[in-house]
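Among the features that TrEMBL reports, domain 'Macro' is placed at 34-190. Feature annotation from TrEMBL assigns domain 'Major facilitator superfamily (MFS) profile' to 251-713. Here TrEMBL flags 246-264, 291-310, 346-367, 379-398, 502-522, 542-560, 569-590, 651-671 as transmembrane segment.
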Amino acid sequence: MLVSTFSMSVGLSKIPTLRELYGSAVLKAADTAKLCYQPRPSLLDRVSLYQGDITKLKIDSIVNAANRSLLGGGGVDGAIHAAAGPQLLEECRTLDGCATGDAKITKGYDLPSGHRSLQLTVENSLKHVGFPSISTGIYGYPVQDATHIALNEVRQFLETADGDKLERVIFVVWSDADKDVYETLIHFSPLQYLRQIDSWAGLVTAASQLRLRTRRGYLRERSAADFFRQPPKCSKDRFIREMGRVYNIFIAVFCAIGSFLFGYDSGIISSVITFNAFKSFVNNPGNYDSLSGAVVSTFTGGCFFGAALAGWANDKIGRKRTIQLGAFVALWGCAMQSGANNFACMIIGRIVAGFAIGILSMTVPLYNTEIAPPRIRGFIVGLAQQMIGIGFIVANWVGYGCQFINGNTSWRLSLGLQLAPAFLLLVGSQWMPYSPRWLLEQGRDEEARAVVHLLHGDSAHASEEADLEFTEMQETIKAELAVRSRRLSDLWATRGMLKRTLVAVGVQVFGQFSGINVINYFGPSMYTALGLSHGQSLLVQGIYGAIGPIANFFFITLILDTVGRKKPLMFGAGSFVVTYSILTAIVASFPPDQSTNHPAQRAGIAMIFLTSIPDENSVHRDQRGNLRELGIQRVILTSIKLGHHQHQLEILSIFICLNFFDFIVIALFFPETKGRTLEQMAEVFGDEVDVLLGPNVHEKSEDHDLRHEIEKV
């Protein structure tokens, strides 16, 4: 986006040209014998390199590195909006965004400043234009690549007829690091280089959208002349290293053992409550249905209180210690269950185990988010959901195998196997690093720096990347701490936050309204009621448990970012209405205890299987901040209320109504968030936007240069 205006500040006469910089030895002339492309002396009086605040330049126009919405964000975009005043945002609202590669022009309002941006400058009879280092801040584009592209595009334009109309192009940098890159590469600025590496440039552009900084250190290891002679080559080994350090991924997988425990502990009980030996242990045939429901519900009750504690513990003792706490409590709960000598001990063990799982389900995704490099964060955070699914699969097949064991060993072994991953997590987590983000929040900056370097590796270019990420993380947390609020009431303090809270909690509650947990917990009993034998029902449950994770994998990799978030939620709710309606009709027409109609029984089982697909493909877990804790607690409460009903017709009717209600609410009130940045989320939920500090923030820092700190972020 291009902005133009006039006011007081740094005038054009105070901005030296390249010829003046060479003359004063600020820039050292390059050895032209080593250059592939000779410099053009005629351009030296029309190009400047200036280190300072772009919002202070008193020139015809400056370029704003805006996002597609043009509604303000961080970095240079936020600084320019802050300096220009609210009128700039109001005008931007009328422009209907700006596609990548295009440019739009606005007034500059309070600003002192008056390949598409250059053309637009000429078309509006403007003589001067200032360019920031576009997309190298919070968007993560490699600074060498961005600098080369900027120099190349400007040189090409200045050598055209339209380019002759421009009197001055000013490259404006803020950081010393960016200045060093410009001073190194500005001697070269070739004319044909990009045409030689179109495919490689396209790869870099695609990678930059994932906030990759992978080539930064690599390019610095090459001379500038070598860089322009041939495009850098990516070997397979280098690509693998750049996609994430083995250590980093190993830590994330190891931490996700906590999520595996969630899946296993939740899944194994569906098999255990069908074992004849466990029924004999309960020794209350007349009330067994109610008591087995209590075994399930008390676990989810413990989860609720564990999730409530986890939010406080994560801030107080850190993510690592909270995971260790959850693993220790899980050991205690698992031991009580597998060694229970009466039903009361079993119930207490279920509560304790649920408490542990509540802690881990809150903390594991949070920890993985904070140790993951931006380029593979989605994959690493997604490990938690996949490990839950794997836990269910393992539990279902363990249950199937243990049915062949006679006596109490069948259910004691099934429940006791949880001790192994819980113990492994407790002991092994001692060697996990602390979250660098939590260390920074505690003022332990040097420890945080060491962790970031550990996660990146020890090569030279990895060290540079680690320094960059640490600096950005440090500045981000400073800004967050300046405006952070711990009050729960902030979740409904404004209309925008209330809507955000209701949507965040609602999507989790609707996941429980799907009824999927009832099938997970009582699936074998339902299959038995539909005519299968005990062994067959456990086998079918094992197959059923494998469908969800497979469907989830294809959904998150192929569908989610294509169709958005709202449509899958509507598809899921609508699909549940259809499948449950058909299943209700089958059960009503062919009562399982009265009919032996095998086609009807198979159709009923097929409907149950189909529920696993819309569940995984619609209720995708993606919560942030305080809303995650609140959402998890509300999910668990809903499970408690609905999980103990086993009368099929009644419960199916309930879920049909609930999912129909879900469909209407999602269609009418849920916003679509596909393709939105976090900055744009404020607009989606109707928040008041402060372009400097984010939504609903009116108190600005006393530091006049806070916008420059945000640029570093």
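Glycine is treated like the rest: Cβ placed from N, Cα and C.
Automatic, uncurated: that is what TrEMBL annotation is.
Where the transmembrane segment (379-398) meets the stretches 246-264, 291-310, 346-367, 569-590, 651-671, the count of C-beta pairs under 8 angstroms peaks at 246-264. When each of 246-264, 291-310, 346-367, 651-671 is checked for Cβ pairs under 8 Å to the transmembrane segment (569-590), 651-671 comes out on top. The transmembrane segment (291-310) shares the most Cβ pairs under 8 Å with 346-367, out of the stretches 246-264, 346-367, 651-671. Along the domain 'Major facilitator superfamily (MFS) profile' (251-713), the predicted structure has mean pLDDT 75.
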